[in-house]
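> Structure in structure tokens, see below.
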Amino acid sequence: MSTDVTAKTPAPAPPGKSGGAAGDGLLQLVMDGMRRNMRQYGMLIALGLIVALFAVWTDGDLLLPRNVSNLVLQNSYILILAIGMMLVIIAGHIDLSVGSLTAFVGAMAAVFMVKNDMPWPLAVLLCLAVGALAGAVQGFFIAYGGIPSFIVTLAGMLIFRGLTEIFLEGQTLGPFPEGLQKVANGFLPEVGPNTNYHNLTLLLGFAMIAFVVFQEFRDRRRQQEFNLDVPPFNLFLLKLVALGAAILTLTMLLASYKGAPIVLLILGVLLVGFGYVMRNAIVGRHIYAIGGNLPAAKLSGVKDKKVTFLVFLNMGMLAALAGLVFAARFNAASPKAGLNFELEAIAASFIGGASMSGGVGTVLGAIIGGLVLGVLNNGMNLVGIGTDWQQVIKGLVLLAAVGFDVWNKRKVGS
Amino acid sequence: MAGPVLEMRSIVKTFPGVKALSDVTLTVQQGEVHAICGENGAGKSTLMKVLSGVHPHGTYEGDILFEGEVCEFKDIRASEHRGIVIIHQELALSPYLSLAENIFLGNEHAKGGFVDWRETLRHATELLRRVGLSDHPDTRVADIGVGKQQLVEIAKALSKKVKLLILDEPTAALNDEDSGKLLDLILELKKQGITSIIISHKLNEIRKVADSVTIIRDGKTIETLDVKAKETTEDRIISGMVGRDLENRFPDRTPHEPEEGSAPALEIRNWTVHHPIDQQRKVVDDVSLSVRRGEIVGIAGLMGAGRTELAMSVFGRTYGRYHGGTVLKDGKEIRTKSVPEAVKNGIAYVTEDRKHYGLNLIDTINRNISLSALGKVAKGGVVDEHEERQVAEGFRKSMNIKAPTVFEPVGKLSGGNQQKVVLSKWIFAGPDVLILDEPTRGIDVGAKYEIYTVIDQLAAQGKAVVFISSELPELLGMCDRIYTMAAGRLTGEFSREEASQESLMRQMTKDKEVSR
């Protein structure tokens, strides 16, 4: 929503005649930046509009602190999957198995913790390892075996769904240890004096704002050290204010209820971590390179097979994490868990700016795409639209988002 | 001969920014085999596309007269309807359909929308026999060799009641035996009254089958010669193909002085590579060459000579099947089995096909430049974006890449600027040996000069440069030494003084004698 603010903020009033030109230049810069990242800003604006629409439609219920908390918890597992799926799609592949894998890991978790009373931290680690192994096996066939990912993961989808039913013997297993439930459903602990707000969440929010401001300033200084052009200072300031306002809004919303859900923190770490890897780590660059032009990447010395393998291994691990969160949230492992999750994650990635042919997309985009779907779900539930029409509408949104992208590209002529 | 069957008069064809054909006139007599000759990029294929309606009427200037009538073809169907059929270099057969299905594809024997298999089979058998094939018409195309596929293409042309058959480099992908068969078939068809146009580089082939030859250079008709006449020697044809003037289009180069004693920077010994699919075919055949530090060594050759295949197979075995040979760097044998190994050993290969093999077009300039050497701007696996940007900015200025920022997607740049990005990328990797494959293909004169200057500077810095090019003036202007290749083999080596367009072209068109 931060961009929403940016876009609507008029250029600063011209203090003098020379300032007028600077003001126009600033607006120009903002517009240029937006045009260059049309897809991502477009989706941010769309998300803002959808939020605004449902906020009005539900008489503000959508933005009640309680509902925002719920929204995060309800969508956490799809968002986790969407992050991994985004990497897979950027690399030029697809993964249809993640829904089944989510259920399978949930079943394993139940076998470890419910049937065998294993301590939950150990079980969590084992489950993540199982997910990574499942991803690695699929990745092996795709990267080194040369079998198309669509086929391998379609097979995986059937296999893991079947194994889930075998392990659970068709039954629902539960309940899970309290510690794990707290991670999936709980909030940050209450500390300090009563301020009508959740102190730790406030503190965290302020710390984050401070961190962002510090990072941005450091980044700017480093750019200057390398003698690189930096955006004008007032534009830089505008960006900081917008970012700060967005974080502050979310913090206040969450802090006036029970505080930040623990899952939100996990998501935040994943978003920042994977965002950083995709942008700055060599392996992240290589993922973009193999998706953008595989022959060129190979001729540049990118170890394409290894990178593909790692992308699927990572997807398996994230699917395991999503499976754990899902199972713990509903306090049971069910054979029908994770149904159609792969499709939701794929839809989120495409709404968030991925391209069928690979090489394009960001982790933040996957989150935005996932949130668009999440807010639609939540908002439509609140106003009482049935699941039948919800599916129709979500389908239309996916079509519109990608259609807009195709149309926009054709118009630019690239 | 019964007068001309085809006349193309003053054909002019312009593509955005390039004049591909500036004034071509072609007269083909009824019942003859007419060869068209010219360097790569002279405009032969464009001319044939104009004739066959790939470039429809209205997109070119000039007239086409076929059998005395002015023709205005709006697509290939229109020209095929008149009996003009073109067989492209890349065969257009559907591999998993049968021979019969391919022959009648788009032109099926049918009754009320359903295929009449009995008639299809009968007619296909007849056509296959006419081109000398005894394979069953139900055989899949994928199961027969390239040579036979070429014959199936001709059978397909015959099914369309062809009067004028155009063959674009028909023997480029064939072995000697298949080439011989194909040429015999062309002569056989001639007896049946079918006129043929054959585009070819191979002068011995032209002498074998053609009655006359038209030479095209830089989009213009140079001359038409009677092949059977005594004075039409191979040298005569060559001088027509290359007679271009050498203007001052190159930076002044101080020729490289070879230091005696020191080992060459890169030496390739007895390198042999087979075709990746047609594994019997040698694409690179026992090639040995060397290049020293500070030296620019050219490799001249026509289409299908195996230059790119040689370079790519040396660079991490990215082409074909390795069948022997060694690579030495500074006198020591090195492994170049994979691209990372080749790069680690200081070898860089700048592809001829920058769009498919050189660049990630949807990504930005800075990220393309850093891709092959990300480690240089990274610490512990993490890229320092600012340092990366600074590196890219440096190249943008030094290479004069015309773009507002280094964050511009490479796909939006012009060909010349894209080429500068690919070069920057490999210069940044810091190699000792640069293999440049057609580094000036498809870019304008100004950008060419800039690229020549860069290549010159690289040599002056002590890098060894291998310069692969189809443009002889460019090789003559830039290189210290030039090798020629033909049909996968090295056919000559020239010093700067010895080399001339004629002498090079003679070795480039030297093919094994066509059998029988």
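Residue numbering: from 1, along the chain as shown.
Keep in mind that glycine also has a Cβ here, set from the backbone N, Cα and C atoms.
Per TrEMBL, region 'Disordered' is recorded for A:1-20. According to TrEMBL, the transmembrane segment annotation covers A:41-58, A:70-89, A:96-114, A:120-143, A:150-168, A:197-214, A:235-254, A:260-278, A:307-330, A:350-376.
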> Using a Cβ cut-off under 8 Å, which residues of the same chain at least 6 positions beyond either end of the transmembrane segment (A:150-168) come close to it?
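Here the qualifying positions are 94-97, 99-101, 103-104, 106-108, 110-111, 134, 138, 141-142, 333-335, 337, 342.
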> Spell out yes or no: are there three or more C-beta pairs under 8 angstroms between the transmembrane segment (A:120-143) and the transmembrane segment (A:350-376), with each pair 6 or more apart in sequence?
no
> Taking the transmembrane segment (A:96-114) as reference, which of A:235-254, A:260-278, A:307-330 has the most Cβ pairs under 8 angstroms?
A:307-330
> The transmembrane segment (A:260-278) vs the transmembrane segment (A:350-376): three or more C-beta pairs under 8 Å (separation of 6 or more)?
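Yes, the transmembrane segment (A:260-278) and the transmembrane segment (A:350-376) are in contact.
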> Please identify the stretch among A:41-58, A:70-89, A:307-330 with the greatest number of Cβ pairs below 8 Å relative to the transmembrane segment (A:350-376).
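Between the stretches A:41-58, A:70-89, A:307-330, A:70-89 has the largest tally.
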> Please report, as numbers and ranges, the same-chain residues at least 6 past the borders of the transmembrane segment (A:307-330) whose CB is under 8 Å from any CB of it.
73, 76-78, 80-81, 83-85, 87-88, 91, 93, 95, 97-98, 101-106, 109-110, 124, 127-128, 130-136, 138-140, 142-144, 149, 176, 180-181, 183-185, 263, 266, 270, 283, 286-287, 290, 337-338, 341
